[in-house]
Amino acid sequence: AEQPFWIPRYEYYYGISDYLNMNRKWCAPLLSVTFGSCKIPVSWDAPFKPCSHKYPLIIFSHGLGAFRTVYSAICVEMASRGFVVMALEHRDHSASATYFCKLDPETPDFPEAQIREEWLSYQGVPKGQKEFRFRNPQLHQRANECIRGLKLIRSIDSGKDVVNLLRTDFDLSVLKDNVDLSKVSVMGHSFGGTTAVLALVKEAQFKCAVALDAWMFPLENSVYPKVTKPVLFVNTESFQTAESVAKMKKISAVSKETKVITILGTVHQSQTDFTFLAGNLVNRVFRTRGTTDPYQGLDITSQASLAFLQKHLQLKEDFDRWDSLLEGVGDSVVPDSPLQKSSL
């Protein structure tokens, strides 16, 4: 089976250019030369591997300016440990680019020509608008899209046909009765980390959330007391502010099983694929890597997440061997945050 390209369509290079506020004309070709040959180390449309028990589910939410394939390292790692992972692409204009297929009213008589792609581009905060007023509704749309993703998996698990599916040789009906809908978690990075927290509040079926370097700013204050289920906050050393960490501590004050840990020597991009793919020049310009080896960073992130998920989804695995990471004990890990405590 072939390996899929990391960036699935050229339009995403335009989207990244827009997000970076760079000219599409020269930035998109440059990105294409840099990343165009990168492939994800998985078999595309590989056969489904049945097992004696059903697979637990993770819904994954991307960060601002990202899209569904930017977190393939962490998503593939979690899938390799026995999870069904659904990586979303949000339609709130926070993705660099995304598209969906609509029926074309011009060609109603030709079914194969009926589908028309509709692209949504990245939108920054409009001039004169407060950032919170713009981002908070996006956050709610994203959380609702996580719930829609769960509903879709529920319907696939019950054996219903999926309409409006991108071309694929993978037969989704093999998932029928193979997803354990009593063991569902929601996970995300940055804007997606906070999306995971809000989705956990909105949807009873989500048992816990893993928030990677969550950008807490867009979450309104009234939500904090409602986060009673467990959240694992895995922070990088350079991104978080004292105010942001104080908001996480507000949640851990309500939910006793909530944990906050920080991976030392990491930057915000350390939890994305860019940390593995960017060369030294790109790293210097965009800070895609910290001092900690990217593979060690991925190990700590995934192992802490797995230990947390085993505990709160009652999994019968051996992930509890990494329980110490949840207390911030281990190489390059500290509990809470190395930042000075805020007066918030």
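Just so you know, glycine gets a Cβ as well, placed from its N, Cα and C.
Pulled from TrEMBL, these are the features on record:
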- Ser190: active site, nucleophile (ACT_SITE)
- Asp213: active site, charge relay system (ACT_SITE)
- His268: active site, charge relay system (ACT_SITE)
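Around the Cβ of His268 (active site, charge relay system), a 10 Å sphere holds 23 further Cβ atoms from the protein chains shown. All protein chains shown were included, and the count of other CB atoms within 10 Å of the CB of Ser190 (active site, nucleophile) stands at 25. Distance from the CA of Asp213 (active site, charge relay system) to the CA of His268 (active site, charge relay system) is 7 Å.
Counting every protein chain shown, the Cβ of Asp213 (active site, charge relay system) has 29 other Cβ atoms within 10 Å.
His268 (active site, charge relay system) carries a helical DSSP state (H, G or I). In the three-state DSSP assignment, the secondary structure recorded for Asp213 (active site, charge relay system) is coil.
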